[in-house]
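Undergrad: My structure is below; once you've seen it, I'll send some questions.
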Amino acid sequence: MPQSKSRKIAILGYRSVGKSSLTIQFVEGQFVDSYDPTIENTFTKLITVNGQEYHLQLVDTAGQDEYSIFPQTYSIDINGYILVYSVTSIKSFEVIKVIHGKLLDMVGKVQIPIMLVGNKKDLHMERVISYEEGKALAESWNAAFLESSAKENQTAVDVFKRIILEAEKIDGAASQGKSSCSVM
């Protein structure tokens with residue numbers, strides 16, 4: 001097996017959309033039912049995707065809102081971003097659009113690996129954002145999209161595998177686009 005690659009992924013979104021629950025479900029395989037606002041946590045996990053082992057460093061950020069100022073650390077050495085909203089919250093869906101815009105401004109690149117996640121899909125009766133709305137938003141960003149339920153462990157692993165694939169796809173395109181110049 002090839003040597004493992006290190007990848008750093010930031011998880012961003014409005015408060016109480018399930019960023020920490022999704023991350024803990026992926027890393028530890030358990031659902032934390034209580035809500036304790038996150039300041040910032042970092043988790044690590046080894047995962048194999050398409051035969052390649054990855055050492056993931058996951059930055060679980062504090063909830064942002066439309067007025068949040070992004071710390072510069074959110075753009076340094078980050079290989080991909082998971083943007084999470086709750087399918088039960090119009091506010092979180094609107095704020096994720098603002099977060100995306102701020103992220104593009106901060107990173108300064110047109111194409112960055114982004115995975116849009118509609119979380120809490122198990123709460124059928126409270127749903128206010130349709131699957132189609134989430135998918136359309138992701139397509140407008142040229143981003144990957146999944147809905148998830150951290151509580152029922154639906155697609156948690158898929159979310160993190162997919163962002164790795166998105167990061168590798170963009171890294172591959174960037175390295176193919178590089179030109180070499182020789183001065184003689």
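From the backbone N, Cα and C atoms, a Cβ is placed for every residue, glycine too.
Quick paste of what Swiss-Prot says about this protein:
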CROSSLNK  K8  ubiquitin cross-link
BINDING   S16, V17, G18, K19, S20, S21, V32, D33, N119, D122, A150  GDP binding site
BINDING   S20, T38  Mg(2+) binding site
MOTIF     35-43  motif 'Effector region'
SITE      Y35  site 'Important for autoinhibition of GTPase activity'
MOD_RES   S130  phosphoserine
LIPID     C181  S-farnesyl cysteine
MOD_RES   C181  cysteine methyl ester
Undergrad: Across all protein chains in the structure, which of the recorded positions S16, S20, N119, S130 has the highest Cβ count within 10 Å?
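TA: Output for this query is N119.
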Undergrad: Which is it, of V32, A150: the one of these binding-site residues whose Cβ has the most other Cβ atoms within 10 Å?
TA: A150
Undergrad: Residues with Cβ closer than 8 Å to the Cβ of K8 (ubiquitin cross-link), same chain and 6+ apart in sequence?
TA: L56, Q57, L58, V59, D77, I78, N79
Undergrad: Once the DSSP letters are reduced so that anything not helix or strand counts as coil, what is G18 (GDP binding site)?
TA: coil
Undergrad: In the three-state scheme derived from DSSP, which category covers V32 (GDP binding site)?
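TA: Once the DSSP labels are grouped into three classes, V32 (GDP binding site) ends up as coil.
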Undergrad: What is the number of other Cβ atoms found within 10 Å of the Cβ of G18 (GDP binding site)?
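TA: The answer is 26.
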